[in-house]
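K.L.:
Straight from TrEMBL, here's the annotation block:
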{"type": "DOMAIN", "residues": "1-233", "note": "domain 'Deacetylase sirtuin-type'"}
{"type": "BINDING", "residues": "12-31, 91-94, 175-177, 201-203, Ala219", "note": "NAD(+) binding site"}
{"type": "BINDING", "residues": "Tyr56, Arg59", "note": "substrate binding site"}
{"type": "ACT_SITE", "residues": "His109", "note": "active site, proton acceptor"}
{"type": "BINDING", "residues": "Cys117, Cys120, Cys136, Cys139", "note": "Zn(2+) binding site"}
Amino acid sequence: MTDIRNIVILTGAGISAESGIDTFRDAGGLWEQHNIDDVATPEGFARNPDLVLGFYDMRREALSKAQPNAAHQALARLDAEFSGDLLIVTQNVDDLHERAGAKRVLHMHGELKSALCTACEMRSPWDATLSDRPACPVCQAPSLRPDVVWFGEMPYQMERIYGAIREADLFVSIGTSGAVYPAAGFVRDARDLAVQTLELNLERSDGSHWFHESRQGRAGELVPAWVDEILSA
Ligand code: BJW
């Protein structure tokens, strides 16, 4: 790949798997352990807020014990050393890209370490539990929910993401099954704009056939090798 000046990277749960964070749809993943309609929809939250708040408290706790892996570190190196435009769009709610040192990161599905007030709609940094119904730091209402995007809700910063894809000359998808829209459609959006597309995933995904190139393997191996290619081109 030569003359790459503008890269958009989409990451999914697979990039954090080697840090010990559960993926969703792999064998033993979160959706085998929990009912998706109960814990990842606004309707599920309305039915049983305690269940949902407990689910996200558990995941925030698991995140506190995890460390960035070689794939996060390689993307942080790319962020620091690549002189062109770069945007890391992550579907992940963990903060492992940031903890590895990446700066140009956008969380389209929200963040575990943020809380959203259903009373005043303010987003606040949040590191503690939510199941004990703490007060919103802004309006004091005991109305905080996880600041994550559930099914049926609009992902964050879609205009910025589509704008970045329009300007890109390379779109790279890492560790995502391609099962959830709109992220799963980015590869087709990119191809419609004649952007080169590359997939790095453990196995072929639902959308592999859309990519110009698809490489299979662990993110901890594939991503550092690809970053070396880009930085030495
Ligand atoms: C490794 C690895 C290793 C493992 N190395 N790889 C019909 C058609 C089209 C759309 C819809 C439809 N019906 C409904 C919809 C819309 C719906 C949707 O997509 N539903 C699907 C089920 C079909 N989408 C929505 O509702 C979204 N909102 C929306 O569409 O708004 C309207 C809109 C319209 C137009 C433009 C914009 C908006 C919202 C989706 C919200 C998703 N929320 C979740 C939960 C977030 C909070 C949380 O974390 O709990 O997001 S669900 C879950 O899935 C989470 C993830 O971000 C997301 C994607 O999962 P991901 O990351 O791909 O993980 P996995 O587990 O699926 O895959 C992991 C991959 O890694 C696998 O391939 C492994 O092989 C691989 N791997 N180890 C490399 N070591």
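Using the three backbone atoms N, Cα and C, a Cβ is placed for every residue, glycine included.
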K.L.:
With the Cβ atom as the reference point and anything under 6 Å counting, tell me which of the recorded positions (Gly12, Ser16, Phe24, His109, Gly175, Leu202) are near ligand 1.
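P.N.:
Gly12, Phe24, His109, Gly175, Leu202, by Cβ distance under 6 Å.
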K.L.:
If I take the Cα of His109 (active site, proton acceptor) as reference, which of the binding-site residues Gly12, Phe24, Cys120, Cys139 has the closest Cα?
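P.N.:
Sorting the binding-site residues by distance from His109 (active site, proton acceptor), the top entry is Gly12.
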K.L.:
Compare the C-alpha of Cys139 (Zn(2+) binding site) with the C-alpha of each of the binding-site residues Ser16, Phe24, Tyr56, Gly175, and give the closest one.
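P.N.:
That would be Tyr56, nearest by Cα distance.
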K.L.:
Taking just the CA atoms, what is the gap between Cys117 (Zn(2+) binding site) and Tyr56 (substrate binding site) in Å?
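P.N.:
Between the Cα atoms of Cys117 (Zn(2+) binding site) and Tyr56 (substrate binding site), the distance comes to 15 Å.
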K.L.:
Taking all residues of the domain 'Deacetylase sirtuin-type' (1-233) together, what is their mean pLDDT?
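P.N.:
Reported value for the domain 'Deacetylase sirtuin-type' (1-233) is a mean pLDDT of 97.
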K.L.:
What other residues of this chain sit with their CB within 8 A of the center of the CB atoms of Cys117, Cys120, Cys136, Cys139, the recorded Zn(2+) site?
P.N.:
Thr118, Ala119, Glu121, Met122, Pro137, Val138, Gln140, Ala141, Ser143, Leu144
